[in-house]
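Visitor: According to Swiss-Prot, the feature ATP binding site maps to GLY168, PHE169, GLY170, GLN171, ARG172, GLY173, LYS180, ALA181, GLY182, LYS183, THR184, MET185, ARG211, an assignment based on sequence analysis. What Swiss-Prot lists as domain 'Rho RNA-BD' is 51-125, and the listing cites sequence analysis.
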Amino acid sequence: MKDVSISSLENMKLKELYELARHYKISYYSKLTKKELIFAILKANAEQEDLLFMEGVLEIIQSEGFGFLRPINYSPSSEDIYISASQIRRFDLRNGDKVSGKVRPPKENERYYGLLHVEAVNGDDPESAKERVHFPALTPLYPDRQMVLETKPNFLSTRIMDMMAPVGFGQRGLIVAPPKAGKTMLLKEIANSITANQPEAELIVLLIDERPEEVTDIERSVAGDVVSSTFDEVPENHIKVAELVLERAMRLVEHKKDVIILMDSITRLARAYNLVIPPSGRTLSGGIDPAAFHRPKRFFGAARNIEEGGSLTILATALVDTGSRMDDVIYEEFKGTGNMELHLDRSLAERRIFPAIDIRRSGTRKEELLVPKEHLDRLWSIRKTMSDSPDFAEKFMRKMKKTKTNQEFFDILNQEWKQANLSSARR
């Protein structure tokens, strides 16, 4: 019998893997990708030895040295798997690593499953995990690869973002949203665009302090990993889930992967920290402690493009005009930390104009690194022609609806400008 470990399986040709799949009686093996087939073989091999093959996201108990793999929603549950301190040290495992391996059921006096052997770390050979560079040691750069979000002609939100506030791999973006301005619909459109256009990227949707029915809606609408801590959970759980998601994203970036976190919302995460941290003795307007900003800023500031390969993109919503002074202070504190902002306009939403994007106030820093020069010239021309008329956004979107792609929209604008220049020259 051949050696059944992830390193040996990765070195096998597809024909050899198919032979093993037939040996283990795996159904539909020809329809699986190589990575899926490898994990199906590992699982079948474990079951043959009367063991389970399970995986989860590692959370290390710092004071004790051992840890638990969290298989469900990055949160503690009865399905957690115990992993010993010696295994953590041997493979240089870190918080947020997704660890897969053979697991035995709990004995009489035990509460948790026990991990017997580490088969894979973040989908790779565990030995290669030792050679990873730590996330803080990686070199951050400005985003220089555009993440194209345009998909279907009727998805105007993502088409407008590509034009007016382009998103790059490694972007740190704020979606500034008043209530009832279409924030949730926008997040779903962005998530589905990422899934369609960037299938290789790792997408995580993080929902903090949201309504349970909204979580269900997004889980059913989005193909990525949806992680949530609903408003009926304690603030400590919001913080633990958010920090483990960030650690998970960092570990993937260390493996040179492009990771995208869509977060709703940074405002509620900052509120949770304000309730949990020890008081510093100082209070800002709205009743928020200045010390409560440190860890949410660490979360948001982790977004970066990496010179050595990979990137972490964070698009987080910030709530404004909620009637709470604290929410406005939180937005003001985060306003200068991002390198892209997308503003939603409540007045447009009240007039039933969707997407309710404030085109004038939305934009990206260093957009010249993302957008081709000919598109950039057209974009600046559009910005120059923007009037203060409240009907401008409505006219702009009406014109967009008549075109199927952004390229077609730019071509029509070019023709209109040429005709306008000719008529002015004749005069």
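Keep in mind that glycine also has a Cβ here, set from the backbone N, Cα and C atoms.
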Visitor: Taking helix as H, G and I and strand as E and B in DSSP, count the residues of the domain 'Rho RNA-BD' (51-125) in helix, strand and coil.
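Guide: Counts, helix then strand then coil: 6 helix, 33 strand, 36 coil.
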Visitor: Could you tell me the mean pLDDT the prediction assigns to the domain 'Rho RNA-BD' (51-125)?
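Guide: Per the prediction, mean pLDDT sits at 87 for the domain 'Rho RNA-BD' (51-125).
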Visitor: ARG211 (ATP binding site) has how many other Cβ neighbours within 10 Å of its own Cβ?
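Guide: Total other Cβ atoms inside 10 Å, all chains included: 13.
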Visitor: Among the binding-site residues GLY170, ARG172, which residue has the largest number of other Cβ atoms within 10 Å of its own Cβ?
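Guide: For the binding-site residues GLY170, ARG172, the Cβ with the most other Cβ atoms within 10 Å is GLY170.
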Visitor: Out of GLY168, GLY182, which of these binding-site residues shows the lowest number of other CB atoms within 10 Å of its CB?
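Guide: Selected from the binding-site residues GLY168, GLY182 on minimum Cβ neighbours within 10 Å: GLY182.
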